[in-house]
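Okay, so here's the structure we're looking at.
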Amino acid sequence: MVVQHNQPGSTDQSVIRNFCIIAHIDHGKSTVADRILQLSGIVPEREMRDRFLDRMDIEQERGITIKSQAVRVPWTFDGTEYTLGMIDTPGHVDFTYEVSRALAACEGAVLLVDATQGIEAQTLSNLYMAIDHDLAIIPVLNKIDLPSAEPDKHAEEIAGLIGCEPSDVLRVSGKTGEGVADLLDQIVMDVPAPHGDPDAPARALIFDSVYDSYRGIVTYIRMEDGELHDREKVHMMGIGMTHDPIEIGVISPDMTRTKALGAGEVGYIITGAKDVSQSKVGDTLTSAVRPAAEPLPGYRDPKPMVYAGLFPIDNAQFPELRDALDKLKLNDAALIYTPETSVALGFGFRCGFLGLLHMEIVNERLSREFGLDLIQTAPNVTYDVTAEDGSQHHVTNPSEFPDGKIKKIVEPMVAADIITPKEFIGAVMDLCQDHRGIMGTMEYISTDRVEMHYRIPLAEIVFDFFDQLKSRTKGYASLDYHEDGEQSADLVKVDILIQGEKVDAFSAIVHRDKAYSYGVMMTKKLRSLIPRQQFEIPIQAAIGSRIIARENIRALRKDVLAKCYGGDITRKRKLLEKQKAGKKRMKMLGHVEVPQEAFIAALSTGEDSNDRDTKDKIRAAQKTEG
């Protein structure tokens, strides 16, 4: 293993280079990071594995990066040893907040582009973020070893975008390691050194934190000014708390304890605190002995885009769910949650997420890391509803939707940027129109690829828009979106009634044009999931008091005539009349239990409206409306 001569706390700022790797999902960030770790020699050959910095099981299995990782890497250039602070960032649109925090801890960014795919939507969004942070940008084409790579064509695309020469675009292969040494040399030459004041009082920005069940909260920091020493009391300027740190150190590539951290360095500090509220991302850390006067500018708090209810299948697990969310919140600053109660599902939490993948990952982490079995309600967005009497309602859950006449409903909008090959322009336009999109501008970024700009309601994107976009463009299109104001819309609340009683978990707020198809889909789904009873059960979809769709679960027939052998018809009729009266009474008093499996299956986002019968019903209704 390589010996590092630049020791944390005594490294001159002029030899420090902090950079992050940004790219669209699947363009090879983590693979290039692996090669950098290997080349620098800080990871012994026998310990090396693919996606070394993706520490979570989910990251390894799905092949995606969810958490940014900050590593200290030594690199010798022209006889001088430099210290590189490398941050590997996520690529998916849901984790843009992780990327923006990583950018604030760097002076440079390596913009990685797949030489087989070219520029994609997330490449552009990450590039614009890096430009906003005034970072030095190093453009790099990855995967040049693949036979389908077109480096010359894509180098021109990048040059046109950034305003450099095509020859300035570096070419590397994360798989074979070709060109990675040149990339590290370029980082040393192009990325500016940090410019903090080493003699000023210590100031460090908290850019991430994780929870360790043995040592409590591990806080990742970027030192801006001054230095922090081991065992020196630290003060959190935002929340006003003082701690005695247990340990201070750097990640290289595992946690390594050090005596100090100096200006410009990226490292970690363990305060020993177990309370998750005691380490806020974006807060400023300073020395309690010689505190700084002004905190550093923090981050914009992330704003949740999608809300869903999370309920434990076993209600006794509610306290465990609260603890699990508290711990997860520490790793995931973008997650927000408040307790809520549902008549059908009991106690749970209303959670806010950045997007559908974020929601899926949180769900999976809760079940894996904390062993919880959960039911999740259908995702929805926030609406501002004005009732007829002028009262305002902020609705994050269909059950909060006011009854009675509605004057106005305002829904959030997003600006969507879609990059697609030109032969799929028609398919993308159809899809966006079906989802109430408004066409903006369209420009060619190369001879055969187009960037299209649409304004689409967020509610239309959160369900299955991305999957449909991929299937209609054979997987070639990419999507990036950001919030873009709001607009009033003709929305209604569709309630599902089982035996005349509303089941709050199945209610949804949808556009009036799609209310019927949602009603048909949900009633059909429930008909196949709820077990039959001795009496007939109606399942209805309603807007207010108007029923728009209905399915019946047929009654089980008990043969009361089985014990009659031949004989008098009046005897049989008497038995049948008695059964009829019993069923009538049962129907009036009977309570239909919806089994847990039915909730889980009905609320799963996999749409069941693909069968021919449902489609025919919807089509017929649309014709009569037209």
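Residue positions begin at 1 at the first shown residue.
Cβ from N, Cα, C; glycine included.
For 14-195, the entry in Swiss-Prot reads domain 'tr-type G'.
Counting only same-chain residues six or more apart in sequence, the Cβ atoms lying under 8 angstroms from the Cβ of ASN142 (GTP binding site) belong to ALA23, HIS27, GLY28, THR31, VAL32, LEU112, VAL113, ASP114, ALA115, VAL172, SER173, GLY174. According to Swiss-Prot, the GTP binding site annotation covers ASP26, HIS27, GLY28, LYS29, SER30, THR31, ASN142, LYS143, ILE144, ASP145.
Annotation comment: Swiss-Prot describes 603-626 as region 'Disordered'.
Look at Swiss-Prot and you will find 609-626 tagged as compositional bias 'Basic and acidic residues'.
Counted over every protein chain shown, other Cβ atoms within 10 Å are most numerous around GLY28 among the binding-site residues ASP26, GLY28.
For the binding-site residues listed here (SER30, ILE144), the lowest count of other CB atoms within 10 A around the CB belongs to ILE144.
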